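For reference, TrEMBL has these:
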- 126, 127, 128, 153, 169, 173, 322, 326, 327: L-histidine binding site (BINDING)
- 1-55: domain 'WHEP-TRS' (DOMAIN)
- 57-389: domain 'Aminoacyl-transfer RNA synthetases class-II family profile' (DOMAIN)
């Protein structure tokens, strides 16, 4: 018991040191001592109990969840490929200096790793900065690529809303020197195609331009040094009312109340071509070179979106800011307007489900000669989309298949294991997705029940008579219809019956 008391006392020492914000080395020394005492206390009996949980902000995925996730990925990849994208991959961690200074106020969310072999490393925060590093390093000036991979953020997770510390991003980017707004319009078309295809409900894509924002800040009297920090306040308008955002700008960020009020007049505007035309005539904005450029491009963008037939789903919204530092031109964000769900009383609120924009200066930051490669891209918020679809499946009690097995090889009599194994092997070699139960003499009823439970559509039954006749009895699980199929035609018959349109 004395040892346990000593451990408790040592734990109290560590707690007090942390509370008093003592020297980190001293805290580390006392923590090491505490761990040593704990190890001695429980070491000989191996009493250590594992805490069976995933780390905060992460999750496991069950086969059912993975089946839904795979369906979503396939739809997104099909769209990216339809638009001619190649695929790349990059390391999960980068040199710390690669990521530093690219994310504005969000930089505090980067996961830094311990020094390994003389390199300071950080887990990637998104897929855009690694892409820019990849372009600069390989001297690539022209590519259309997609990249689907995990990223990491030391965030306070809100997992019910699809917000995690480890999550997937699905990025599509077009790099290269092209005529204005054509690639940008295609990125918005891709967002429209994916959100329509996944049938998530009604959505809206908000569009703005960093140049319009910067021009607006300038004419409203925001000092240059405060542009980025005021930008990140404006970015909160989708979550906070204007009054709160205004008090943050004035109270926390030291902006004059007059400048804040002038910003308020603009950031509450949203519309389409009519609003763009109106702002092009605005006496203050039209005098600002940056804002005028941005509005000119915005007008062109809306003309292309009209040609693509999607302008009705796009809103020019002056409150959209997107907090990341690297954006230089058009920025956009897709939001779901409302989850109509009869089964769930509370509508599922998930915020934005896609976002992106133009970042013409990022590659130049990495290039030794500062050569710029204009880029525009979009990131699909797969976790949020997945949260919605998962809740929808739960509510509808839809049965999700977790395997793609086309046929179960079964037998009605005993002592036919060898024949079952021979047949299943033939099917595997022919590329058929097939299973067999791991029992020598399974009951036919159990084999049929297994198909019902897992959604396997066909059963190939071998019996003594079938072997003599050189046929296999093929049973359709749903209708219980049975046909004798010559063994040499079995593969073709299974393909025909399970070929999904």
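Cβ coordinates are placed from backbone N, Cα and C, and glycine is handled just like the others.
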Report summary line: When the binding-site residues 169, 322, 327 are compared by other Cβ atoms within 10 Å, fewest goes to 169
Requested in this report: Compute the average pLDDT of the predicted model within the domain 'WHEP-TRS' (1-55).
Outcome: 76
Query raised in the report: Which whole number of Å gives the largest C-alpha distance between any two of 126, 127, 128, 153, 169, 173, 322, 326, 327, the residues noted as binding L-histidine?
Result: 21
Report summary line: DSSP composition of the domain 'WHEP-TRS' (1-55), residue counts helix/strand/coil, works out to 38 helix, 0 strand, 17 coil
Query raised in the report: Tell me, how many other CB atoms lie within 10 A of the CB of residue 128 (L-histidine binding site), whichever protein chain they belong to?
Result: 26
Query raised in the report: residue 126 (L-histidine binding site) has how many other Cβ neighbours within 10 Å of its own Cβ?
Result: 19
